[in-house]
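What follows is a single structure, written as structure tokens, with notes after it.
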4 protein chains.
Amino acid sequence: MSVAQTNLWFTELQNDNLTIGLRIEKTIHSEKTEYQQLDVYKTVQYGNLLVLDGCIMTTDKDEFVYHEMLAHVPLHTHPNPKSVLVVGGGDGGIIREVIKHPSVERAVLAEIDGRVVEASKMYFPHIASGLSDPRVDVQIVDGIRYVEEHPNEFDVILIDSTDPVGPAVGLFQRPFYESVFRALKEDGLMAAQTESPFINQDLIRQVYGDVRATFPIVKLYLAYVPTYPTGMWSFTLGSKKYRPQDVREVRVHDTKYYNRDIHHASLVLPNFVKELVGE
Amino acid sequence: MSVAQTNLWFTELQNDNLTIGLRIEKTIHSEKTEYQQLDVYKTVQYGNLLVLDGCIMTTDKDEFVYHEMLAHVPLHTHPNPKSVLVVGGGDGGIIREVIKHPSVERAVLAEIDGRVVEASKMYFPHIASGLSDPRVDVQIVDGIRYVEEHPNEFDVILIDSTDPVGPAVGLFQRPFYESVFRALKEDGLMAAQTESPFINQDLIRQVYGDVRATFPIVKLYLAYVPTYPTGMWSFTLGSKKYRPQDVREVRVHDTKYYNRDIHHASLVLPNFVKELVGE
Amino acid sequence: MSVAQTNLWFTELQNDNLTIGLRIEKTIHSEKTEYQQLDVYKTVQYGNLLVLDGCIMTTDKDEFVYHEMLAHVPLHTHPNPKSVLVVGGGDGGIIREVIKHPSVERAVLAEIDGRVVEASKMYFPHIASGLSDPRVDVQIVDGIRYVEEHPNEFDVILIDSTDPVGPAVGLFQRPFYESVFRALKEDGLMAAQTESPFINQDLIRQVYGDVRATFPIVKLYLAYVPTYPTGMWSFTLGSKKYRPQDVREVRVHDTKYYNRDIHHASLVLPNFVKELVGE
Amino acid sequence: MSVAQTNLWFTELQNDNLTIGLRIEKTIHSEKTEYQQLDVYKTVQYGNLLVLDGCIMTTDKDEFVYHEMLAHVPLHTHPNPKSVLVVGGGDGGIIREVIKHPSVERAVLAEIDGRVVEASKMYFPHIASGLSDPRVDVQIVDGIRYVEEHPNEFDVILIDSTDPVGPAVGLFQRPFYESVFRALKEDGLMAAQTESPFINQDLIRQVYGDVRATFPIVKLYLAYVPTYPTGMWSFTLGSKKYRPQDVREVRVHDTKYYNRDIHHASLVLPNFVKELVGE
């Protein structure tokens, strides 16, 4: 090893039997918020790294995949999204992609932990950049409650949650999807991050079933996220009227991952994933 | 941690700044062959694991992705592959997929290290299963030399190499691709594994350029391989006549990852990968 | 890293904030006994390694320190030990040292888990060697109960326990030391392993207090054990009559660590350890 | 794991087959000096940690052992040390102990890397505290050359080097000890840190032989250093006239490890260490 390297590693136990390790140049920030442990590191491989309760949330170098894919697949599926809600997503990455859509008039961010928003503005300015847009309304609130209290209000709801442990558990349960259904307008649609088909089969099967029981249209899609377990990440889309397969044109072009062909390719599932969700 | 878990981990330094760790139940085999260190472990997450010189080669649970995708995309691109050469690939996984094609009359495996073949037969019987097929000819030879000595002989050549360090370096260089070109019939084609677009940009750019300088048709395609760095794996296809985009029907259906739609979706590249190879 | 090395590591979380890692050549044995997880590994640095419930018990290369020091300091303190009890210590290392004393007529091993004894005979024959001596009586029993049921029987009792978690907790509590007092003859003495003064201060203070409340004479002594946390290991000796400081001659000479001067040097405490136990 | 813990670890490869890991709260400082990589971390277990080129130098919580033992054993061996040289030791810990001796009139620190001195003053003020004493002369120079250029000048020379790799190699070689001999007055003496008897046998044997060939009196002594490999650390003392065994009284009492009995106990060697150096 070169003598100029540190021996400092961030190691995430992705599950009981799997780890990812990132060499760290230095810690940038560390605090215990009201809700969780929040750390920011500078990694050698991926630039700055945001960690909540020991789990990788996002990095400078690969954040674009997750943020573009959770935002643009559902937003392009809707012909004219004006009002969008992001549940979680305090780093602002989803909001940044949402406001690239010219039709969007209002984007609400419902994040429970205001410290995540502040840390992102400070240490990930290119991710948080959209939060100061005049169309954006940052609400530091319990997302589950916010959704319950705003029926029939949104064209698109995007659920950018942490892993289904601790406070985020409710975001992966059927009553929440039913509540999301009510918060959407009559032609609205939602998408949620739903972990890896290689190691979270039970969760994906359950969420997919719950969304299918709630929305007339359900579709799983995939993207490559290097810093999430296995690198294959799934998203579950539930829609009242529009189908992601029907998208012909895309409106947003300043992207590093998403494009029209990727939109459709992400909907294509390997056989073992098709079997998993019964498509 | 549950008291029934071991504290034994296999940790691969994927590059200087990135690791993957797999909890190990036990070692199954360990030897120093004439060419390399060969280890077989039982992991909790992915079943048996084959390691060469400290690098993950394949695991029981995710081997199907790599093997199906390196084999079926090029083999379906050829309308009638009869004679196929696999360079490297001593575990037999590529051969197993090759002989699923009914048109194949002869499949040669040119592997330099006979111990890899033996270890695979012993500890990965479901991967090595095709090696005893009467159409298969296992040659324990230097693949580079074998290719040089067999001009105008193959319809498809598949390069299933280890990482571009040590003995495998030559398999990533232009003289080898030119030699492969000569070993192919006049409408032949090749494919090679070419690492991750997230961290091996220089290698991919170089190989893609070399293949493009050698073959009239070149195409990069992608698959999700959880145990390889970043989980996004690339393959580079070079062809004298046929284009992978033109495949209409697929002939092989007993697959866990590959299908006709995946064939085409794998050819679709995210913007940052398109830029990388200039597509 | 040399290509001939494995990437397999045994990593013990010594406490929440401290680890030791040993490179592993291979697993030798792994089983879930009635009482605990039992693993044997071959390490590169220390030879074979015995692990119970994820904690390092002993290794080929450094076992002599712990075994000699837990046995010979108390045994030499007694002028004529004839009857000796070892509680725990299923690997046999303490027994091997005990029977080096020519005065010993009977050495009982009270180990709760017979599988530890069997594994040691198989994989650590040089440690288990004394178990077949005719003076040795191996009892697969609950040591706490065995001590209770044998009053006034032993000259020396040695407590070779695992860490004070799970089944071994009782071996670090005052009722047990009182029971040991009763099992000893009127001039008997005991010694127990009592963890590291650098990180287990509370435990040492408590055990030392409990032994001092039970025995007229108490003494802490130290030895270097590389594979135990911090490398500084303590032992607490409780005695009815004899003082370890008074030893003039030693009777056992085929040792790799212990000698007469080491006997006395091990009783000398650094200032911070003196303060810890109030000596 | 508690959610309030970070997943950040400093892991030192102590040799090819052995690691120590310390959980890190945060990085405090990181720079590439003219000579080496210098990092300061806050650990959970041991407080602040100073690292040079990836190797643990010292920590808040255990520094006292090494610094007291490298200083006080030789300084008490000399009946009246007035002029003392420390080679290396830029953190100031040895100097802090040296000036506790009332006889000392002048203490020179010859450290090659001025950044180590500055970092210690900033992040380890209790270690660097002695550097501002009027008797102390801090020289940012090559220690080997400094020794060569100051013949017949010192009563005691203490060699507080990094590991015998890279720039420190010369400090472990015979020409340097001969140079130290010349820099000492006619009744002078030296001591050097000489790694672990459990894993650095060749080095200890060689240094011990070189010092014995240079000085009429040579003695190895030991101390417990938890953050150095194996926890057992050796020091080699070479003397023209005085013997460490002859010390009757100690002059320094505000110590956490060292005392008169520890002085003598540290000179007592386990059998395997006696054999190693032929004592």
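Using the three backbone atoms N, Cα and C, a Cβ is placed for every residue, glycine included.
Marked as domain 'PABS' by TrEMBL: D:7-240.
In the three-state DSSP classification, D:Gln36 (S-methyl-5'-thioadenosine binding site) falls within coil. Residues or ranges marked as S-methyl-5'-thioadenosine binding site by TrEMBL: D:Gln36, D:Glu111, D:Asp142, D:Gly143, D:Pro167.
Residues annotated as spermidine binding site in TrEMBL: D:His67, D:Asp91, D:Asp160, D:Ser161, D:Thr162, D:Asp163. If you take the C-beta of D:Asp91 (spermidine binding site) and look for same-chain residues 6 or more apart in sequence within under 8 angstroms, you find D:Leu50, D:Met57, D:Thr58, D:Glu63, D:Val116, D:Val117, D:Ser120, D:Phe124, D:Ile127, D:Ala128.
The Cβ of D:Asp160 (spermidine binding site) has D:Leu70, D:Val86, D:Val87, D:Gly88, D:Gly89, D:Gly93, D:Ile94, D:Gln193 as same-chain neighbours under 8 Å, each 6 or more residues away in sequence. The DSSP secondary structure for D:Asp160 (spermidine binding site) is strand. Residues or ranges marked as active site, proton acceptor in TrEMBL: D:Asp160.
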Among the binding-site residues listed here (D:Gln36, D:Glu111, D:Asp142, D:Gly143, D:Pro167), which has the Cα closest to the Cα of D:His67 (spermidine binding site)?
D:Glu111
To the nearest whole angstrom, what is the C-alpha distance linking D:Glu111 (S-methyl-5'-thioadenosine binding site) and D:Ser161 (spermidine binding site)?
10
Which whole-number value in Å describes the distance between the Cα atoms of D:Gln36 (S-methyl-5'-thioadenosine binding site) and D:Thr162 (spermidine binding site)?
11
Cβ under 8 Å to chain A, applied to binding-site residues D:Gln36, D:Ser161, D:Thr162:
D:Gln36
As a test of reading the model: what is the averaged pLDDT for the domain 'PABS' (D:7-240)?
96
Neighbours of D:Gln36, D:Glu111, D:Asp142, D:Gly143, D:Pro167 excl. site residues, C-beta within 8 Å of centre, S-methyl-5'-thioadenosine:
D:Tyr35, D:Gly88, D:Ile112, D:Asp113, D:Ala168
Taking DSSP three-state, what's D:Glu111 (S-methyl-5'-thioadenosine binding site) in: helix, strand or coil?
strand
Does D:Thr162 (spermidine binding site) have same-chain partners at least 6 apart in sequence with Cβ under 8 Å from its own Cβ, and which are they?
D:Leu52, D:Asp53, D:Cys55, D:Met57, D:Gly88, D:Ala168
If you count Cβ atoms within 10 Å of each one, which of the binding-site residues D:Gln36, D:Ser161 comes out on top?
D:Gln36
Of D:Glu111, D:Asp142, D:Asp163 (the binding-site residues), the residue whose Cβ has the fewest other Cβ atoms within 10 Å:
D:Asp142
CB contacts for D:Pro167 (S-methyl-5'-thioadenosine binding site) [other CB atoms within 10 A, all chains]:
17
